[in-house]
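Heads up, the thing below is written out as structure tokens.
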Amino acid sequence: MSTATTDRAFARGAFTPRPGAAPLPRMIRAQALLETRMLLRNGEQLLLTVVIPALLLVLFSAVDIVDTGKGRSVDFLAPGILALAVLSTAFTGQAIATGFERRYGVLKRLGASPLPRWALMAAKTCSVLVTEALQVVLLTLIALALGWSPHGDPLAVVLLLLLGTAAFSGLGLLMAGTLKAEATLAAANLVFLLLLVGGGVIVPMDKFSGPVRAVLDLLPISALSGGLRDVLQHGAGMPWGDLGILAVWAVLGLAAAGRFFRWE
Amino acid sequence: MRYEPAVQVTGLVKRYGARTAVDGLDLAVPRGSVTAVLGPNGAGKTTTVEICEGYRRADGGTVRVLGLDPVAQGGELRPRIGVMLQSGGVYPGAHAAEMLRHTATMYADPVDPGLLIERLGLQACGRTPYRRLSGGQQQRLALAMAVVGRPELVFLDEPTAGLDPQARHATWDLVRELRGDGVTVVLTTHFMDEAEQLADDVVIIDGGRAIAAGTPEELCRGGAENTLRFSGRPGLDVGSLLNALPQDSLAAELTPGNYRVEGRIDPQLLATVTSWCAQHGVMPDHLAVERRTLEDVFLELTGKELRA
């Protein structure tokens with residue numbers, strides 16, 4: 001056994017107290033970068049955020065599995081897959097990661113650091129947005145290669161993505177902050193799968209019967225995929241209805257997360 | 001330098017439902033000292049420390065850490081303290097060096113993380129994710145994270161639990177250096193030798209109260225007296241030995257040939273015993289002075305029965 005650990009002392013004064021927090025922007029940036037690195041290093045998370053959306057886009061564009069209506073299927077699929085990317089990162093990925101951070105005392109330990117709680121949440125949001133930006137770029141490139149021709153107002157698209165992120169973040173954090181990590185893992189994956197099928201991502205909403213569809217249309221994923229499709233596929237103006245649904249989910253989800261989130 | 005204690009806890013009460021975890025506890029930690037909080041499992045050590053760190057609210061009593069209320073003034077307090085939790089606290093996928101560097105970026109003027117890594121033998125962790133590090137490596141990383149921000153006050157919750165002897169000594173050396181540089185250290189431990197080695201002050205807590213406090217020497221001096229043992233021929237005249245000894249001493253042949261003297265064991269008494277032996281033609285073998293250890297004191301105070 002090496003004794004290197006005991007025979008080398010620090011110069012006297014190495015620990016002389018000089019306490020103080022780093023500037024907030026530096027802390028938030030470092031935290032956001034670390035969280036993003038943790039996510040990109042995690043195989044399951046990468047599967048969820050990159051591989052599954054990309055695979056679905058390629059597979060369903062190339063093979064006529066689901067009847068996507070008139071026009072090229074990639075024009076129908078690309079907006080749905082962008083909605084799926086937001087769902088996977090802001091909801092499923094964030095819920096699972098945060099649930100395990102809570103379970104392993106990471107949130108607790110960060111709570112003793114100079115980083116304020118709100119700044120930690122801000123860093124998490126930045127990390128989600130950075131990841132989504134990478135997803136959008138990658139998926140857009142794939143879709144364009146498959147012959148996608150998007151329309152519409154980029155501002156409407158950005159608004160939809162941001163409000164969708166807020167809505168899914170609130171719900172994901174609510175789950176991570178109240179359930180056990182294992183329960184969050186299972187539930188977040190199940191919800192991902194259900195919303196993938198029932199939220200207009202790859203299956204057109206008109207495949208569902210009237211009353212079922214009326215309920216499904218109120219889900220945040222349906223509002224996001226529907227809104228993106230209206231704009232990107234049909235060149236519609238600002239989709240106020242869908243934005244409204246997302247805003248309501250965002251307010252409810254974030255308020256509930258703020259109220260019920262437990263750090264330990 | 002202010003003379004106000006680094007930690008001042010008075011009449012602290014904490015309840016979890018019907019259970020009272022801390023029940024009127026007092027604790028004062030002088031600045032620049034190392035204070036060890038000893039106690040059996042469930043005595044309230046971690047609860048007390050976590051209240052000082054601002055993790056939970058007290059149900060009663062007052063807590064001042066560096067003169068601040070740890071909950072209401074937590075934002076002001078946190079940059080000034082270092083915290084080592086009993087376990088966890090690191091992203092399962094993070095590398096040791098990455099996590100320590102990250103922790104360092106949260107502080108204005110941190111210790112060089114590279115030096116700490118080398119010093120605590122964490123270079124060997126390389127790019128191994130935290131979840132696959134050994135328990136000892138995880139402990140040392142948590143220790144490094146607690147001190148990297150150059151805090152005034154460090155809370156270490158069982159810093160050497162599960163460490164091998166080398167790592168334990170490295171941790172002890174680091175605590176001594178912290179003290180030498182004027183950092184106040186509060187540590188909880190199960191290890192009496194750790195408290196004896198490191199602590200200026202020891203607080204023994206049990207049932208949520210501080211039942212004894214003082215320097216290790218003070219605690220060992222009080223209560224039962226010390227003991228001197230020797231062996232020789234069986235059947236020596238203990239009565240004659242007793243006559244030679246000071247008034248309040250005791251002497252007995254415990255088993256044939258094994259003698260015990262109890263009382264104030266000082267050089268004078270030792271000389272009396274050896275000269276009595278010389279007069280009686282006895283060669284005292286295995287002559288040994290036994291002092292009460294902190295462990296004796298601890299067991300006397302907290303009882304020897306096993307606890308749930």
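Placement of Cβ uses the backbone N, Cα and C atoms for every residue, glycine included.
Per TrEMBL, the features are:
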DOMAIN    A:40-264  domain 'ABC transmembrane type-2'
TRANSMEM  A:46-65  transmembrane segment
TRANSMEM  A:77-97  transmembrane segment
TRANSMEM  A:118-148  transmembrane segment
TRANSMEM  A:154-176  transmembrane segment
TRANSMEM  A:183-203  transmembrane segment
TRANSMEM  A:243-261  transmembrane segment
Given a Cβ distance threshold of under 8 angstroms, which distant residues of the chain, six or more beyond its ends, lie next to the transmembrane segment (A:154-176)?
82-83, 86-87, 89-99, 102, 124-125, 128-129, 132, 136, 184, 187-188, 220, 223-224, 227-228, 231-232, 237-239, 242-243, 246-247, 249-250, 252-257, 260-261
Is the count of Cβ pairs under 8 Å between the transmembrane segment (A:118-148) and the transmembrane segment (A:183-203), pairs 6 or more apart in sequence, 3 or more?
no
Determine which recorded stretch among A:46-65, A:183-203, A:243-261 has the most C-beta pairs below 8 angstroms with the transmembrane segment (A:77-97).
A:183-203
Residues from the same chain, set at least six apart from the ends of the transmembrane segment (A:46-65), whose C-beta lies under 8 A from its own:
39-40, 73-74, 77-78, 81, 84-85, 88-89, 92-93, 131, 135, 138-139, 142-143, 146, 192, 201-202
